[in-house]
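Enquirer: OK, TrEMBL features for this one:
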DOMAIN    A:48-131  domain 'Manganese/iron superoxide dismutase N-terminal'
BINDING   A:72, A:124, A:208, A:212  Mn(2+) binding site
DOMAIN    A:142-241  domain 'Manganese/iron superoxide dismutase C-terminal'
């Protein structure tokens with residue numbers, strides 16, 4: 001059951017209790033006894049749902065094909081969600097928000113078996129929302145100011161991001177994060193399922209560098225994939241919304257108020 | 001296979017001699033790969049070995065397109081990067097196995113490790129498969145499989161499980177593991193061929209079992225680029241087809257013979273060394289080492 005949820009940090013917890021009520025509401029009376037029993041006996045298990053990307057699967061053509069999204073979201077991302085739910089069915093870790101689950105299962109660097117699935121579910125949600133049709137080009141306003149402050153210029157940031165992506169060996173992700181301790185934007189490269197949330201940093205934009213993200217469209221031409229992402233896919237709208245939210249948690253300094 | 005070329009700047013006069021090897025390597029490490037002056041460079045070029053079959057002969061299990069990209073671009077790029085990074089350094093002119101082990105640096109790998117290991121791994125991988133492969137092994141290989149795994153099918157199960165649970169990029173291996181410690185003068189007191197085992201293991205990214213001193217027999221590449229064009233995300237199908245239709249058990253068998261011979265040779269060397277050590281101890285004159293006086297008085301008083 002896929003549900004469209006608000007941006008970024010909302011948890012994807014759906015109680016089957018609720019789902020049950022919605023689907024049984026039109027059934028005949030003789031089923032009500034079953035429902036009563038269902039309500040009384042069933043232990044409430046929180047599970048996670050697969051969220052839809054905020055655009056159609058062919059909306060990112062020609063930079064990311066429909067087939068890639070069908071596989072990447074429909075099979076791979078969905079696979080992680082299913083695996084996670086299966087693991088959590090027999091685990092005391094249910095009932096958390098996604099972020100709590102990631103931090104708990106990361107276990108300070110000694111990850112529990114659920115970590116990979118949990119983190120990849122979150123990472124992919126975040127990734128779909130980091131892109132948009134007609135994306136790319138330049139950010140504006142506060143985000144642009146912060147980038148210029150922390151990287152010198154937008155083109156420095158862009159070069160560094162592309163370079164970081166090209167330097168990644170194996171599977172992983174490249175992130176634009178706001179480092180909470182240093183209170184500045186930074187580019188971070190992580191392997192496999194590692195997510196900057198585990199260090200308390202706040203991701204702003206991510207790029208999936210696992211081969212399954214680009215192999216069908218670009219094969220081994222990684223540079224073209226990353227450049228297309230920067231020029232045509234990256235969603236500065238999402239980045240702006242996330243930065244705004246971040247400012248509730250991290251003091252980025254006094255705003256520049258023009259003197260009259 | 002390597003050939004050495006001496007590239008000179010065209011003239012006959014030699015330039016300043018290159019600095020001593022150890023100095024060069026540490027300097028290059030510090031400066032992240034500075035090259036020697038061109039005139040003095042000896043370039044030992046590792047070559048991209050083609051697979052022992054044509055690129056379209058593994059159809060339909062592994063398409064020509066996959067091989068064109070996987071061998072023709074990925075593998076080739078690693079060879080080029082490796083040559084670039086070893087040119088003019090200590091590792092120039094070493095065999096590939098040695099380069100891999102040295103650059104692994106006991107778990108703290110140098111930047112060129114990934115390229116060296118991936119060249120090694122891919123060479124190994126292309127030779128592990130063949131058109132019309134699959135079937136069952138026989139002879140000593142089958143005996144050992146049945147001894148160490150219970151049955152051939154159990155071994156396949158374990159191999160598939162390793163390949164499927166390697167998270168991210170990596171490889172799954174069948175290796176021959178000799179029962180010895182790679183520590184100084186540690187010697188197995190009861191060496192026997194029964195102590196050496198066949199083992200299935202998996203490794204991330206570019207790591208391979210020769211860095212742990214095992215003898216690999218079979219490898220499967222589970223980086224996504226190996227199967228994404230043919231199987232999309234269905235790694236399980238890829239692994240099954242690999243085992244049923246592509247594996248060359250003859251090559252695996254040959255490798256096992258070499259591995260057993262190698263293990264036997266090293267056991268013999270260990271035994272010789274142990275005997276020499278024993279002889280040295282018994283013939284030594286300085287047996288009493290701790291008492292230097294007959295009195296019990298402490299020197300502290």
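Keep in mind that glycine also has a Cβ here, set from the backbone N, Cα and C atoms.
Annotations in TrEMBL come from automatic prediction, not curation.
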Enquirer: Out of A:72, A:124, A:212, which of these binding-site residues shows the lowest number of other CB atoms within 10 Å of its CB?
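Expert: Counting other Cβ atoms within 10 Å of each of the binding-site residues A:72, A:124, A:212 gives the minimum at A:212.
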Enquirer: Going through the binding-site residues A:124, A:208, A:212 in order, which have a C-beta under 8 angstroms from some C-beta of chain B?
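Expert: From A:124, A:208, A:212, the ones near chain B are A:212.
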Enquirer: Using DSSP, what's the helix, strand and coil tally for the domain 'Manganese/iron superoxide dismutase C-terminal' (A:142-241)?
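Expert: Split into helix, strand and coil, the domain 'Manganese/iron superoxide dismutase C-terminal' (A:142-241) gives 53 helix, 24 strand, 23 coil.
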Enquirer: By a simple count, how many Cβ atoms lie within 10 Å of the Cβ of residue A:208 (Mn(2+) binding site), its own Cβ left out?
Expert: 24
Enquirer: Tell me the residue counts in helix, strand and coil for the domain 'Manganese/iron superoxide dismutase N-terminal' (A:48-131), as DSSP assigns them.
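Expert: Taking each residue of the domain 'Manganese/iron superoxide dismutase N-terminal' (A:48-131) in turn, the totals are 51 helix, 2 strand, 31 coil.
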Enquirer: Within 8 Å of the centroid of the Cβ atoms of A:72, A:124, A:208, A:212, which other residues of that chain place their own Cβ, given that this set defines the recorded Mn(2+) site?
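Expert: Filtered neighbour residues, in order: A:73, A:76, A:77, A:127, A:210, A:213.
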